[in-house]
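Trainee: One structure follows; several queries about it will come next.
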């Protein structure tokens with residue numbers, strides 16, 4: 001050990017207690033053992049991406065019109081079968097009103113031709129027949145989607161709103177899953193929680209394949225949402241808890257990239273599999289790999305220590321050290337260190353602390369609003385690919401692919417310019433793109449502008465993670481990130497209904513997305529700049545950080561302890577207690593921005609890790 005790690009400093013001060021990350025640095029931050037463990041990361045990200053927007057294809061919208069039951073067996077002279085597509089079109093033209101304004105056939109009404117025999121050339125529009133709602137169900141255009149929940153359960157016309165409700169139920173599962181499984185991971189451990197959540201995900205996915213009605217489908221989708229979020233949460237926390245601080249960036253960035261990969265692969269699968277039940281089954285099958293992988297995975301040593309299972313944690317960490325060919329740091333795993341860590345872990349405050357002082361309250365509400373808008377616009381754009389005017393599969397694939405450059409952009413931008421200006425800029429530009437998109441005709445131009453908006457919102461989502469973690473003070477950082485995530489999940493539940501506003505005025509959904517995004521981006525300018533600034537470690541410092549001068553503040557709190565580039569844990573505890581950071585070179589600082597981005601992600605999923613200091 002170095003001189004600064006001796007039992008006391010030269011001035012007689014007691015030795016700082018080492019962090020758990022110090023133990024990881026000693027036994028290997030990302031050695032062979034951790035690399036094997038990281039095999040889980042791609043699967044978790046891909047599964048999340050595959051399930052998040054699957055209903056875009058499960059409930060694909062197609063042309064439909066009223067079925068005339070008495071004409072079902074009637075043949076058309078120009079076609080060999082009454083079920084031939086050309087014959088169905090002839091029957092549609094004969095029985096369905098045509099709207100000259102919209103240049104489309106009515107989807108929900110028909111002429112009352114009951115009792116009238118079908119004949120080629122017959123057209124009910126020339127008679128005095130009244131229009132009625134569809135008494136015999138609908139005929140669906142299956143050229144793009146063979147089977148969907150829309151045409152199986154007749155979720156059209158007066159039941160059309162059920163599609164948005166079902167997507168909201170899925171996002172409600174996200175919310176419940178993050179809360180329930182987040183708490184379960186702290187209570188039972190990361191590994192058992194992964195098994196439980198994965199089992200729920202697999203069983204619900206298979207159950208959904210055999211859904212006999214929309215009610216069962218709704219319940220299964222809720223469980224899928226809860227299961228995928230629970231598995232994602234627990235697996236992500238388990239993996240990142242074993243990775244050292246300087247390598248943690250690789251996990252965070254890779255997870256985002258593989259989530260984007262899942263979004264990109266989904267439309268390719270949907271294009272190849274045009275029946276929603278088979279698509280659901282294919283999406284579900286990779287979940288089986290969870291169980292094969294987890295048989296060889298350990299429990300989190302951090303969690304074991306927090307529960308007093310020191311021998312189990314030590315046994316696992318010794319295996320890590322041996323596999324990585326590192327010497328186990330006996331002095332860092334002593335009863336004294338453990339006792340000190342337990343004593344120091346009790347200083348966390350609740351979310352109420354965020355609202356006790358005016359400046360902290362304003363910043364918290366500002367961040368929550370930005371999270372709320374980010375998530376709403378993100379999923380709103382993701383769910384509206386059918387409104388771009390190009391092939392649904394192409395639009396969805398492009399929307400997923402756009403995630404990759406946005407990840408690269410936000411990391412580079414955070415390094416070379418401020419957080420605040422990037423958050424505000426991406427939100428405002430994304431909002432402007434949404435407003436422009438609202439008034440464009442469906443087609444390539446609308447798709448391009450929509451993808452500009454998607455790029456900006458994806459980037460702002462990554463940036464808001466970092467900004468939030470750097471603004472919330474240490475005692476409430478985990479609580480603040482959890483509260484912000486809660487706001488985001490609530491907006492996810494709302495986002496499908498926002499798309500229904502097009503029934504009032506076609507451009508309205510994108511106008512709302514754009515206006516909200518511009519408003520949130522403008523408010524982001526009121527947040528303090530955190531790049532290369534010291535972070536608040538106490539509630540007092542948090543209140544003073546970025547406090548306006550008109551309120552008696554200095555604008556920026558220069559007295560906080562931890563550098564913004566050193567944020568590294570769910571509780572935001574700085575490693576400066578054990579090892580003072582040297583001045584970062586430009587290259588080191590660049591990679592540190594990856595690290596900060598990845599490590600802040602841990603906060604969002606509510607890991608609530610008790611750190612050893």
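Glycine is no exception: its Cβ is also placed from the backbone N, Cα and C atoms.
Look at TrEMBL and you will find 114-532 tagged as domain 'Major facilitator superfamily (MFS) profile'. Marked as transmembrane segment by TrEMBL: 165-185, 192-210, 216-238, 250-272, 278-297, 393-414, 421-442, 448-467, 479-499, 505-527.
Looking at the shown structure, can you explain where the listed features end up?
Mentor: Sequence-distant contacts of the transmembrane segment (216-238) (same chain, at least 6 residues past either end, Cβ-Cβ under 8 Å): 40-41, 44, 47-48, 51-52, 55, 149, 153, 165-166, 169-174, 176-178, 180-182, 184-185, 190-191, 193-194, 196-205, 207-208, 251, 255, 290, 297, 299-300, 601-602, 605-607, 609.
Same-chain residues lying 6+ beyond the ends of the transmembrane segment (278-297) with a Cβ under 8 Å from its Cβ atoms: 36-37, 39-40, 43, 46-47, 50-51, 54, 57-58, 191, 194-195, 198, 201-202, 205-206, 208-209, 231, 238, 266, 269-270.
Taking Cβ pairs closer than 8 Å, the transmembrane segment (393-414) reaches residues 49, 53, 56-57, 253, 256-257, 259-268, 270-271, 381-382, 385-386, 422, 426, 447, 450-451, 454-456, 458-459, 462-463, 466, 531, 590, 593-594, 596-597 in its own chain, all 6 or more past its ends.
Tertiary proximity for the transmembrane segment (421-442) is limited to same-chain residues at least six positions away from its ends with a CB under 8 Å from its CB atoms, namely 370, 373-374, 377, 381, 387-390, 410, 413-414, 449-450, 452-457, 459-460, 463-464, 467, 507-511, 513-522, 524-525, 527.
Packing against the transmembrane segment (479-499) from elsewhere in the chain are residues 163-165, 167-168, 171-172, 174-175, 178, 348-351, 353-354, 364, 367-369, 371-377, 379-380, 383-384, 387, 464, 468-469, 471-472, 509, 512-513, 570, 600, 603-606: each is 6 or more residues past its ends and has a CB under 8 Å from a CB in it.
Long-range contacts of the transmembrane segment (505-527) within the same chain, counting only residues at least 6 positions beyond its ends with a Cβ under 8 Å from a Cβ of the stretch, are 362-363, 366-367, 369-370, 372-374, 376-377, 380-381, 384, 420-421, 423-428, 430-439, 453, 457, 460, 467, 471, 498-499, 546.
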